[in-house]
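**Q** One structure, pasted below without further comment.
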């Protein structure tokens with residue numbers, strides 16, 4: 001089928017050359033509009049209908065949905081367009097110039113995960129999409145590396161219900177059917193300052209936090225005892241105390257203390273239940289010291305995710321790859337896409353290269369990834 005798509009490596013090169021960093025720090029954050037426009041042109045050239053969706057409450061970020069075919073069901077291939085920032089002093093190559101060396105493609109986003117769209121486009125370049133018996137959707141999202149705002153908004157607003165979805169995160173082509181979630185909170189104690197020579201005239205926030213931490217440790221033990229998912233290498237929800245700040249002088253009663261913590265829930269645990277358990281753990285401190293303890297989110301929470309192991313998608317992909325599905329501890333957009341349809345996480349490149357200086361994708365993934373995309377499209381959109 002005739003089209004004007006550039007060669008695979010030139011598509012890859014153009015994607016890497018188009019910066020699309022997402023960061024909580026405004027000075028580093030970038031719009032992904034230029035990258036979305038690139039993808040829109042290429043998918044239109046293949047005969048897809050393209051919708052560009054502004055994502056609310058972001059700094060000029062967009063989702064893209066390319067669709068072709070008719071009827072219900074079908075297949076969704078998804079990925080995010082953004083990358084993390086880069087540490088200029090630790091890269092030995094230009095992060096925005098695709099460099100091939102020693103059977104590796106170097107550049108920011110080669111593995112995580114702008115390159116996945118180059119594989120999709122290349123796998124479809126010779127396909128007459130008008131002959132599909134079921135729909136094929138390509139979703140490109142924004143801000144996965146920070147808030148996952150793009151996937152959240154798409155899942156909340158779309159009417160699409162594909163038969164199944166694949167998110168092309170770097171899994172070394174090992175299919176992933178489940179991962180833990182992530183919830184991070186700030187616990188803040190507001191005390192009353194005063195001179196350390198007269199403790200009764202103040203309320204020491206560090207002492208109150210000591211009480212709160214003891215109860216949080218009891219919650220950690222409870223989570224470990226009560227909840228299990230044996231497929232994970234760490235088969236229980238983890239709770240970590242990551243940072244604490246409080247006080248300003250040894251001779252002053254501490255007026256404020258703040259603890260940052262996270263919990264990584266198992267699939268099947270709801271965020272509401274988890275918040276309830278945290279609230280119950282801290283209730284004695286709140287009751288004894290009314291108005292002095294607050295809990296706030298550091299980042300929007302991400303639930304755990306699991307694709308049913310007996311679903312057709314799992315069976316088909318395991319047969320195509322000759323590999324069993326696995327589970328991982330890191331988070332993806334899968335919990336949000338899973339609300340629409342059964343979802344697997346599966347893509348080229350290693351997660352060990354994600355967020356690293358001199359990020360790369362090994363060229364050994366090129367041929368099997370093209371073949372896999374062609375096979376899953378054929379199976380779910382032509383059968």
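The first residue you see is number 1, and the count goes up from there.
Even glycines carry a Cβ here, placed using N, Cα and C.
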**Q** In Swiss-Prot, the residues 112, 169 are said to bind Zn(2+) 1. Which of 80, 182, 195 is said to bind at that same site?
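**A** Among 80, 182, 195, only 80 appears alongside 112, 169 as Zn(2+) 1-binding in Swiss-Prot.
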**Q** Looking at Swiss-Prot, 112, 355 are annotated for Zn(2+) 2. Which of 145, 156, 318, 333 sits in that same site?
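**A** Site partner of 112, 355 for Zn(2+) 2, according to Swiss-Prot: 145.
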**Q** Starting from the Cβ centroid of 80, 112, 169, which together make up the recorded Zn(2+) 1 site, report each further residue of the same chain whose Cβ lies within 8 Å of that point, ordered by sequence.
**A** 79, 113, 116, 144, 167, 168, 170, 332, 347, 354
**Q** Would you list, in sequence order, the recorded positions among 80, 82, 112, 169 whose CA lies within 10 Å of the CA of residue 355 (Zn(2+) 2 binding site)?
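**A** Close recorded positions: 112.
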**Q** To the nearest whole angstrom, state the Cα distance for the pair residue 145 (Zn(2+) 2 binding site) and residue 169 (Zn(2+) 1 binding site).
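**A** Counting only the Cα atoms, the answer is 12 Å.
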**Q** If you measure C-alpha to C-alpha, which of 80, 82, 169 (recorded positions) come within 10 angstroms of residue 144 (active site)?
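**A** 80, 82, listed in sequence order.
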**Q** Out of 82, 112, 144, which of the recorded positions is least crowded by other Cβ atoms within 10 Å?
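**A** Comparing Cβ neighbour counts within 10 Å for the recorded positions 82, 112, 144 gives 144.
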